[in-house]
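Below is one structure, written out as structure tokens; comments come after it.
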Amino acid sequence: MSPGNSSHALAFLLTGIPRMAHFHRWVFIPFGLMYLIAMLGNCTILLVVGVHHKLHEPMYYFLSMLATTDLGLTLSTLPTVLCVFLFSTREISFPACLTQMFCIHAFSFMESSVLLAMAFDRYVAVCCPLRYSSILTGARIVKIGLGIIGRGTLTLLPLICLLTQLPFCRSHVLSHPYCLHQDMIQLACTDATLNSMYGLTLVLIVVLDSLLIALSYTMIIRTVLGITSREEQAKALNTCVAHFCAVLIFYIPLSGLSIIHRYGKNTAPISHALMANVYLFVPPMLNPILYSMKNKAIRKGLLRLLCQRVAWPGH
């Protein structure tokens, strides 16, 4: 396609797992299981928090936000992954690809913001317990939630505008069964430095989130070490374990994917696919499992919900 042609007439070709095209239907089995676990797990978290009034507290409101962003991230990739692996339909139009890219990156950005808000929640709970209810009021949580949505969407709009101005006249084959910004700009037939720099700016904002989370945990650990009772120390740290694990399983694959796309052009295609799939599929699947295992209130709420469902037919 010549640079003068409209981008909206353009179509990209999605790619499954490199060198495994003949086994895509079998490969979809683990993907399907991850989708199923992610959707059931996050919907269950939302249901448990919504039904039980004892869980209507700041910590669980933030957990509900995390479950919502994980569901959004899961559903953003589902249509094209289904088409590529089950129906061998690889073609996607430019507007559809742009929409999917926006959703994936927006929900990723929102997830980073939610994890930062949860770190602030844990900092206040451990370091300022007497002021917890006065700092994290219902109105303030609503403002934080709206801020997370605004931050995740408005910061992505310039990226969309910049992409619509790019002519794509090289190979139209993408590296994944979904559209990512890092992947799309590599196919532009003109200088995409501005797009790349803006994308890097967004990555740096996410890096800042991770640094602020690390700072909050540094202060939490300092406070916990000042507690004389070992039992109280363990209790304080135990409230942070699930969140700390969620931080690791989100930021480590995200950092790896960014590094591979920017500096690993000579690496094997399978490494790109593996890192992207881990980044998009593993956190939404593991987060509800982590919180169900590590959070006693969530476990009790889930058991109470199951008991009510079992007892219902007898009434």
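Cβ atoms here come from the backbone N, Cα and C positions, even for glycine.
What TrEMBL records for 26-49 (among others) is transmembrane segment. Long-range Cβ contacts of the transmembrane segment (26-49) within its own chain (Cβ-Cβ under 8 Å, at least 6 residues beyond either end) map to 16-17, 20, 55-56, 60-61, 63-64, 67-68, 70-71, 74-75, 78, 81-82, 85-86, 277, 281-282, 284-285, 287-289, 291-292, 298, 301-302, 305.
The domain 'G-protein coupled receptors family 1 profile' annotation in TrEMBL covers 41-291.
Annotated transmembrane segment per TrEMBL: 61-87 (among others), in sequence order. Non-local neighbours of the transmembrane segment (61-87) in the same chain are 14-16, 24-25, 27-28, 31, 35, 38-39, 42-43, 45-46, 49-50, 100, 103-104, 107-108, 110-111, 114-115, 117-118, 121, 141, 145, 148, 177-179, 246, 280-281, 283-284, 287-288, 291, 298; each lies 6+ residues outside the stretch with a CB under 8 Å from one of its CB atoms.
Under the heading transmembrane segment, TrEMBL lists 99-120 (among others). If one looks beyond the transmembrane segment (99-120) by at least 6 residues along the same chain, the residues whose Cβ comes under 8 Å of a Cβ in the stretch are 59, 62-63, 65-66, 69-70, 72-73, 76-77, 79-80, 92, 144, 147-149, 151-153, 155-156, 159-160, 163, 178-181, 184, 202, 205-206, 209-210, 212-213, 216-217, 243, 246-247, 250-251, 254, 280, 283.
Here TrEMBL flags 141-168 (among others) as transmembrane segment. Sequence-distant contacts of the transmembrane segment (141-168) (same chain, at least 6 residues past either end, Cβ-Cβ under 8 Å): 1-5, 7, 10, 58, 61-62, 65, 94, 98, 101-102, 105-107, 109-110, 113-114, 117, 181, 184-185, 187-190, 192, 194-195, 198-199, 202, 205.
What TrEMBL records for 197-220 (among others) is transmembrane segment.
Per TrEMBL, the feature transmembrane segment maps to 241-264 (among others).
Here TrEMBL flags 270-290 (among others) as transmembrane segment.
Within the chain carrying the transmembrane segment (270-290), a Cβ under 8 angstroms from the stretch's Cβ atoms is held by residues 15, 17-19, 31, 34-35, 37-38, 41-42, 44-45, 66-67, 70-71, 73-74, 77, 104, 111, 175-176, 178, 180, 242, 245-246, 249-250, 253-254, 256-257, 260-261, 264, all 6 or more beyond its ends.
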